[in-house]
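Notes follow once the structure below has been shown.
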Amino acid sequence: MPSPRSSRERRAGGSGGRLEFLSLSQRGPAVPDSPSRRREPPAAAPLPEEDCMKLNPSFVGIALSSLLAIDLWASKRLGVCAGEGSAWGSARPLMKVIEVSGHGIPWLLGTFYGLCQSDSSAAREVLLNLLFALLLDLVMVAVVKGLVKRPRPTHNKMDMFVTISVDKYSFPSGHATRAALVCRFVLRHLVLAVPLRVLVVLWALIVSISRVMLGRHNMTDVLFGLVLGYALYSVVEHCWLSPLNAPALFALWDH
């Protein structure tokens, strides 16, 4: 005969099992995490605009990029006098003499001195307009350089003769602009024999080529400089100074 204690234990165990079963059945099925509760990964930061590849570049953009790459490559290959250790480094002193011959300061000082020493009214008229052309050239080149702000070639050695602030920029070549302007001016207003006229043209070409050989400029800087200098002469011709339209200027040089 079972004892009262063992009966109570069995009843307690049974009721405990029923309570545990009820507690499990009342919990209900597990509710999955809602999407709003999930932690979203942080959004990736957008790439800089210059790092984004343009999937549909324009034909003009491709052409300009290709021309720029060719210009930089060819200019570096032709910079044979950019340094003493370059392919033609021994010719660098000669190239620097040619550089000085196309510099603005010698031309301005020489023209001003000739204007002061001249006794002929015709000569003073030519020299005064040459001085005007040289000043116009300096202003236009400085303005374009300040607007474009193209840096000089990386292989350039900054040892130029008398530089100013805008000379750290490369486009256009002031030497090439001045060479084209002076060449056209001299051929038009000075009476020279044929050999001298050929020498003037050769000087302008050599000055322009030396800019690339010295590593001062890229090829497009020189080409644009020649075009600009050629066009500036037309401006000088259109605004030609004479005793009729600028008598005050000519009165300053009358002895």
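Using N, Cα and C of the backbone, Cβ positions are placed for all residues, glycine too.
Sequence annotations record features per position, and here TrEMBL assigns compositional bias 'Basic and acidic residues' to 1-12.
Annotated domain 'Phosphatidic acid phosphatase type 2/haloperoxidase' per TrEMBL: 126-237, in sequence order.
Annotated region 'Disordered' per TrEMBL: 1-48, in sequence order.
Summarising the annotation, TrEMBL assigns transmembrane segment to 126-148 (among others).
Look at TrEMBL and you will find 190-210 (among others) tagged as transmembrane segment.
Among the features that TrEMBL reports, transmembrane segment is placed at 222-241 (among others).
Same-chain residues lying 6+ beyond the ends of the transmembrane segment (126-148) with a Cβ under 8 Å from its Cβ atoms: 104, 107-108, 111-112, 114-115, 118, 164, 166-167, 169-172, 174, 177-178, 181-182, 185, 189-190, 225, 228-229, 232-233, 235-236, 239-241, 249-250, 253. Helix first, then strand, then coil: DSSP counts for the domain 'Phosphatidic acid phosphatase type 2/haloperoxidase' (126-237) stand at 82 helix, 2 strand, 28 coil.
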